[in-house]
Amino acid sequence: MARAGASVVLAVLILACALGARADGSDHKYKEGDHVPLYANKVGPFHNPSETYRYYDLPFCAPEHPKDKREALGEVLNGDRLVDAPYELNFKEDKNSKILCKKTLTKEEVAKLRDAVAKDYYFQMYYDDLPLWGFLGKMDKDREQGDAKYLLFKHIHFDIMYNDNHVIEINVQTDPNVAVDITEDKEVPIEFSYSVTWKKTDIPFEKRMEKYSKSSSMPQHLEIHWFSIINSCVTVLLLTGFLATILMRVLKNDFIKYSHEDESLEDQEESGWKYIHGDVFRFPKQKSLFAAIIGSGTQLLALAIFIFLLALVGVFYPYNRGALFTALVVIYALTSGIAGYTATSFYLQLEGTNWVRNLIFTGCLFCGPLFLTFCFLNTVAIAYSATAALPFGTIVVIILIWALVTSPLLVLGGIAGKNSNTEFQAPCRTTKYPREIPQLPWYRSTIPQMAMAGFLPFSAIYIELYYIFASIWGHKIYTIYSILFIVFIILIIVTAFVTVALTYFQLAVEDHEWWWRSVLCGGSTGIFIFFYCIYYYHARSDMSGFMQTSFFFGYMTCVCYGFFLMLGTVGFRASLFFVRHIYRSIKCE
């Protein structure tokens, strides 16, 4: 079995390398006059990052036989569809004004371009793997008459910087004075042209990508990031101080009281967490679902840690196209064994009997909703003819990874968990019949407790959330992964502390049904993140349209659900450690 597992892991690593490898194999060194690859990627409305279309979906000048660039898995998932661009930008060759093509736009093409200009369409290209952007045109509004004039840019100027035999930087400029009016529905003759200027620079090739990460590392942004960390650290310190001065003092008094052998009968009838020792380790209802949540949450926590490790060593540098998506797919497949082992071993500790059904449940708990969401959103993308629609070949590759890697590792993990033969370590014996839970005030019910549990962890991360959202659902670039990792660690610590505190207060009023409560309280931060998604969409972004709205809320719901599973697992594990510790410290029998 070990050999089989090692073979699967080796196969996945080879697959990851193959998927992540560059198809062009370029060393990025050129001589004067050499052809430097320029690829047109996509076009789309500037405020809707998910709504992008193929470059030649609009009536631009195209080569006679445009060739699509071979893309890695992550690039396709990212919506990249690179194709040969008609511009000839040979190394160190200046061009004053070269005609690209002459054509007459039909009424339908004019209407299509006018709609694109009205929606602030931009185009994206890659020149020697360097990204460049430009707008298709602009809309001039007459304030007096209220009419709008639509102008299409017909000339593009490329400013390219080089150092020795390397391309270092490229910028594109469009001149509003060289534009054609496409306001009216009529045929428009147009002559597209471009110019190129090469300039020497001292920037080394190794630092050419630093330009794209400067925005997130500017002093004012760094100050905000550090303010976020200081805010989070203060939250952690306050929580730690609270636990140290209040909770530990109360526990100390409890230990003294409960270990006193000469207490009277009246004292023994007092309320407190000791008197539910026969129920506190009573296994929860819905064992299979509970174990599946713990297994899936543990896998997602491992996935997050591995992604952070890759980010910290510099794998996700700016515009390493598709690297993050490739890593997510491959690492999720590799960590499925963790979910299988954790869920099955814990399910059997809870005296579960049908471990095979529990294993299937674990495999579908997160993948199931994600797959259904993907099917719906991919259908929407196909209806819009957007680049977010995955090709059939890519879908087959993902299905093969799931069938040949994820599922086998899940089963191997489940078998290993079954053979581990571990027993649930409970310091107290459980009574035959459950103790009745006393009547509790409304604020001790599940929903108010979840609200209190989710607020503090969310307050520790909400400042950083804006920058993450602006990167994922905008055009900003996030590169300060060290700060993000610190915030993530703080999130884990605060979640654990808050859940432990609420678990103690729950046990202190003789409410022994803490198992599910700890998961719900720990994972409630995911619900707060979802509410922040609603706020961000309406108040902080300019996104609009059915496709963009469905993509934003569809995938962010899956992300928030993943956070719920992950942080719920953290909350339960912390509470379980705490409960075992306090009940080992007293005589329960």
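A Cβ is built for glycine as well, from the same backbone N, Cα and C atoms used for every other residue.
For 1-23, the entry in TrEMBL reads signal peptide. Here TrEMBL flags 224-247, 289-317, 323-348, 360-384, 390-412, 453-474, 480-502, 514-537, 552-579 as transmembrane segment.
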**Q.** Most Cβ pairs under 8 Å with the transmembrane segment (289-317), selected from 360-384, 390-412, 453-474, 514-537, 552-579
**A.** 552-579
Q: Residue list, the transmembrane segment (480-502) vs rest of chain: Cβ under 8 Å, 6 or more residues beyond ends.
A: 216-217, 222, 225-226, 228-229, 232-233, 235-236, 239-240, 242-243, 247, 304, 308, 311-312, 316, 449, 452-453, 456-457, 460-461, 464, 468, 517-518, 521-522, 525, 567, 570-575, 578
Q | the transmembrane segment (360-384) versus listed stretches 390-412, 453-474, 514-537, 552-579: most Cβ pairs under 8 Å | A | 552-579
